[in-house]
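J.: So TrEMBL says this about it:
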BINDING   9, 10, 11, 173, 213, 234, 235  substrate binding site
ACT_SITE  95  active site, electrophile
ACT_SITE  167  active site, proton acceptor
Ligand code: PEP
């Protein structure tokens, strides 16, 4: 079911104490009447305490990654079973930093999607073009291919566990934002691409988030676009004042 979602990706920020402090601030400051589903993604080591901390709240805890294998000799990796075992049932996959820095390919992301879905996890599937793709006018092609190669192998019934996050790489952490019109054009294209492959019901139901330098002062305009259902927020999710302002902008 299409929802309004504001998700914060905390990346490799916040130690245990800082995590607890930020969660306390969010609990105190997010208005109870907010229509947005709020998600936070702390680092792996702080996931269990975040789940405990948020037990009686509506805030959902997500992981920033998962390994594709069930278990095995994969030093330093975390399995889906380990995540669900501590109450983490949502995972961000395909983030541009995972793609660029950790060489995650569409094929690898596709197998992580399978593993997460097998464990009944909700997947926040990230994708988006680089600056050179937009400058050469190839951005729609790139996005279509990322969707087809990383996600479109799933069954129709799996879509209820999928949230899309369009994140143009040139706008992530750069202070550069897609204009509300650029975001809407791409989100409309994404919904149309889903419609062609999976039909209108799934296309209308899927939640499509925008990510890329969303801040309190631009959130309202971006979120006002009809195909933008919320945001995946990096930098501005690291302090309660900005994150809550973005949540209330929806
Ligand atoms: C992100 O990393 O997913 C992101 C959107 O970051 P920022 O908001 O800092 O651009």
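Think of each number as a place in line: the chain as shown, counted from 1.
Cβ coordinates are placed from backbone N, Cα and C, and glycine is handled just like the others.
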J.: For residue 235 (substrate binding site) and the residue listed as 'active site, proton acceptor', determine the Cα separation and express it in whole Å.
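T.: Checking the Cα atoms of residue 235 (substrate binding site) and the residue listed as 'active site, proton acceptor' gives a distance of 14 Å.
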J.: Round to a whole number and give the Cα-to-Cα distance in Å for the pair residue 9 (substrate binding site) and residue 95 (active site, electrophile).
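T.: Residue 9 (substrate binding site) and residue 95 (active site, electrophile) have their Cα atoms 10 Å apart.
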J.: When neighbour density is defined as the number of other C-beta atoms within 10 angstroms of a residue's C-beta, which of the recorded positions 11, 95 has the lowest density?
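T.: Counting other Cβ atoms within 10 Å of each of the recorded positions 11, 95 gives the minimum at 11.
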J.: How far is it from residue 213 (substrate binding site) to residue 167 (active site, proton acceptor), counting Cα to Cα, in Å?
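T.: Between the Cα atoms of residue 213 (substrate binding site) and residue 167 (active site, proton acceptor), the distance comes to 9 Å.
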J.: Let me make sure I understand the structure: which of the binding-site residues listed (173, 235) has the fewest other Cβ atoms within 10 A of its Cβ?
T.: 173
J.: Highest Cβ count within 10 Å among the binding-site residues 9, 213: which residue is it?
T.: 9
J.: Helix, strand or coil for residue 213 (substrate binding site)? Use DSSP.
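T.: Assignment for residue 213 (substrate binding site) reads coil.
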